[in-house]
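The feature NAD(+) binding site is assigned by TrEMBL to B:70-75, B:104-108, B:128-129, B:Lys141, B:Lys150. Marked as Zn(2+) binding site by TrEMBL: B:Glu183, B:His246, B:His263. What TrEMBL lists as domain '3-dehydroquinate synthase N-terminal' is B:66-178. Feature annotation from TrEMBL assigns domain '3-dehydroquinate synthase C-terminal' to B:180-323. Marked as transmembrane segment by TrEMBL: B:97-118.
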Number of protein chains: 2
Amino acid sequence: MSTVRVSTPGGSYPIHIEAGRLERLADSIPHDATAIAIVTNRTVAAHYGERARRALAQTGLRVILIELPDGEAYKDWQTLNLIFDALLQNRFDRRSVLLALGGGVVGDVCGFAAATYMRGIRFVQAPTTLLAQVDSSVGGKTAVNHPLGKNMVGAFYQPVAVDIDTDVLNTLPPREISAGLAEVIKYGLIIDAEFFAWCEQNVAALRALEPAAMTYAIRRSCELKALVVSQDERETGLRAILNFGHTFGHAIEAGLGFGTWLHGEAVGCGMVQAAELSAATLGLSSDSVDRVRNLVEAIGCPTQAPDLGAARWIDLMQVDKKTEAGQLRFILLPRIGQAVFQSVPAAALQAVLGKTVVPSL
Amino acid sequence: MSTVRVSTPGGSYPIHIEAGRLERLADSIPHDATAIAIVTNRTVAAHYGERARRALAQTGLRVILIELPDGEAYKDWQTLNLIFDALLQNRFDRRSVLLALGGGVVGDVCGFAAATYMRGIRFVQAPTTLLAQVDSSVGGKTAVNHPLGKNMVGAFYQPVAVDIDTDVLNTLPPREISAGLAEVIKYGLIIDAEFFAWCEQNVAALRALEPAAMTYAIRRSCELKALVVSQDERETGLRAILNFGHTFGHAIEAGLGFGTWLHGEAVGCGMVQAAELSAATLGLSSDSVDRVRNLVEAIGCPTQAPDLGAARWIDLMQVDKKTEAGQLRFILLPRIGQAVFQSVPAAALQAVLGKTVVPSL
């Protein structure tokens with residue numbers, strides 16, 4: 001088993017990475033817990049709900065299972081409220097513990113429920129998608145969407161543990177693997193050029209879910225994310241670099257309707273756009289832009305963005321949480337392995353949209 | 001001007017108490033703010049909305065006003081969402097600031113909106129009811145109600161400042177003054193016997209809104225609350241004593257429908273019930289119980305509880321956040337000026353309900 005440690009003002013906790021980790025979930029439940037709710041969705045419950053329940057029953061505590069509807073379209077208040085209803089109906093108290101068993105949507109909604117139920121109870125992340133394992137389950141960002149913007153309502157709230165079972169990737173659709181790999185290569189792009197090169201060399205092994213390669217990619221991603229959020233839990237500075245590709249990506253998701261493209265797919269495409277914008281404003285080499293585009297393509301993500309109309313693109317990007325005083329700001333790469341956060345001239349942005357957007361959808 | 005300081009892990013901030021403080025609200029807005037939203041309700045807006053807007057306009061920032069429906073019945077997700085809608089439509093960013101101008105409901109809902117909009121923005125409390133001035137605006141408890149329980153969804157989230165204008169009490173209905181005084185005498189009961197005696201001696205001056213008496217009562221209440229929350233922000237121990245009378249009070253509010261009795265009225269009655277329970281289990285003297293009942297009556301709050309049915313009483317109290325593993329726990333008084341937190345025998349509780357509940361409503 002690999003263990004990566006995350007330390008933030010909001011809490012310090014371990015990330016356990018191992019094959020078969022779901023069998024050992026009981027190890028992550030605090031000793032003074034009074035009851036456990038597994039929060040999951042229908043799809044994940046069918047695969048792993050019973051296994052998680054059996055593992056948690058070893059604590060001797062009452063374990064209930066809360067099934068949410070499946071998909072980004074349900075990452076909203078109504079779904080959150082299903083959790084509150086179940087917790088209140090089952091008289092869950094302040095020492096109860098939630099376990100988020102699922103992908104990013106389950107983790108974000110369950111985490112926000114934990115952050116706000118009775119003003120905060122403890123929760124464990126057990127991510128079952130690659131994207132959640134390498135990104136959303138680590139660092140304490142929780143949220144639901146609002147009709148006017150993604151992740152607009154939420155909290156920074158850390159789990160007490162993250163349990164990553166690498167075996168679960170075997171039941172993931174290939175599209176989900178591709179989406180997760182987009183966040184993996186993101187870490188290389190923003191902070192670790194050597195890891196980016198390693199991803200280029202091992203892309204076939206990663207897409208084939210070769211265990212050694214995949215375990216290394218997950219561990220390195222978690223280490224890099226832990227490094228960043230340990231320095232800046234509440235995204236007042238450094239942490240913003242983790243959003244590389246996300247301003248474009250969020251516009252794609254919102255413009256097409258959440259759930260049309262997977263989050264990781266939108267981020268993959270967004271990273272190509274952000275690389276182009278880096279070339280136009282910071283002189284990132286065209287060779288580096290090509291490496292970004294080629295690797296995004298090699299992991300199986302789209303590299304050409306949908307045509308939402310230029311005005312709507314700008315409009316959608318302005319809802320981004322990184323906007324300040326109406327000024328659009330982007331994470332950009334002076335070179336591969338290094339990221340900066342700055343505003344850009346409108347003309348450069350327009351040119352990049354012209355270059356990266358497919359004219360007719 | 002009196003200033004009381006609150007220091008918690010979640011933030012350190014001043015409470016300013018003075019006549020005419022609303023004119024100087026601009027002093028409490030952080031220098032790097034990008035925009036301000038006054039969150040208030042229709043009733044308060046009619047009295048003080050324009051005054052607050054003019055005062056805040058001195059910052060040179062954009063100021064918008066968000067009007068919520070008035071009353072505890074609207075302390076819910078729908079009302080919270082009115083705030084999110086307005087903030088997003090007006091492109092409020094992470095450096096925007098909210099100002100809660102109103103009573104406990106406005107403060108709790110606005111505070112929870114601040115805690116969760118874009119995962120947390122800054123907010124200022126400008127409480128306009130006595131109850132909010134001496135209790136809910138201080139200490140960072142924010143929440144909305146759930147159909148199955150009061151304040152079940154919320155966060156511990158501290159304001160950057162609390163601005164108390166004692167002049168606003170002149171427009172408050174007498175019933176609201178009585179409700180606020182219930183929380184004032186609570187501080188005496190749980191932590192400061194001398195202050196309780198002072199309240200007994202000055203009850204006429206307080207009900208007449210005599211400025212010197214009222215200013216002292218507010219300042220002393222804020223000092224005592226600050227003392228408690230500075231030691232235990234997240235209510236893991238000591239802070240629970242602030243809920244003296246509240247387990248009974250919450251049951252009354254939920255049982256009759258939120259908003260039928262004012263929160264302070266329910267707490268006033270609940271303190272009489274909790275005093276009776278203290279006599280039955282901890283030997284609080286009958287003379288002390290009489291002093292509690294007499295002062296609750298003298299401030300104008302009810303001392304006899306509504307008949308919700310014994311089973312429903314117990315049921316409603318069990319939803320209380322202080323319940324652990326199904327065990328009802330109460331804040332009790334060994335003597336006036338000292339509080340403890342413990343579970344009680346069911347028989348004692350039944351006896352007290354039999355004694356304090358009006359047989360037919």
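Note that Cβ sites are derived from N, Cα and C of the backbone, with glycine treated the same way.
Highlighted in sequence order, B:Leu131, B:Asp135, B:Ala182, B:Lys186, B:Gly245, B:Gly249, B:Gly264, B:Ala266, B:Val267, B:Gly270 have their Cβ within 8 Å of the centre of the Cβ atoms of B:Glu183, B:His246, B:His263, the residues recorded for Zn(2+), and are not part of that set. Same-chain residues at least 6 positions away in sequence with a Cβ under 8 Å from that of B:Asp70 (NAD(+) binding site) are, in sequence order, B:Asn41, B:Arg42, B:Thr43, B:Val44, B:Val105. Across the domain '3-dehydroquinate synthase C-terminal' (B:180-323), the DSSP tally of helix, strand and coil residues reads 106 helix, 1 strand, 37 coil. Each residue in the domain '3-dehydroquinate synthase N-terminal' (B:66-178) has a pLDDT score, and their mean in this model is 95.
In this structure, B:Lys150 is the one among the binding-site residues B:Lys150, B:His246, B:His263 with the smallest number of other Cβ atoms inside 10 Å of its Cβ. For the binding-site residues B:Glu72, B:Tyr74, B:Gly104, B:Thr129, counting C-beta atoms within 10 A of each C-beta gives the highest total at B:Thr129.
Only B:Glu72, B:Gly104, of the binding-site residues B:Glu72, B:Gly104, B:Thr129, have a C-alpha within 10 angstroms of the C-alpha of B:His263 (Zn(2+) binding site).
Residue counts for the domain '3-dehydroquinate synthase N-terminal' (B:66-178) under DSSP (helix as H, G, I; strand as E, B; rest coil) come to 47 helix, 35 strand, 31 coil. Between the C-alpha atoms of B:Glu183 (Zn(2+) binding site) and B:Asp108 (NAD(+) binding site), the distance comes to 16 Å. Taking the Cβ of B:Val106 (NAD(+) binding site) as reference, residues of its chain lying under 8 Å away and at least six apart in sequence are, in sequence order, B:Val39, B:Thr40, B:Asn41, B:Val44, B:Leu68, B:Ala100, B:Ala132.
In this structure the alpha carbons, written CA, of B:Glu72 (NAD(+) binding site) and B:His246 (Zn(2+) binding site) are 16 Å apart.
B:His246 (Zn(2+) binding site) is 16 Å away from B:Asp108 (NAD(+) binding site) when you measure Cα to Cα. Taking all protein chains in view, 27 other C-beta atoms sit within 10 angstroms of the C-beta of B:Glu183 (Zn(2+) binding site).
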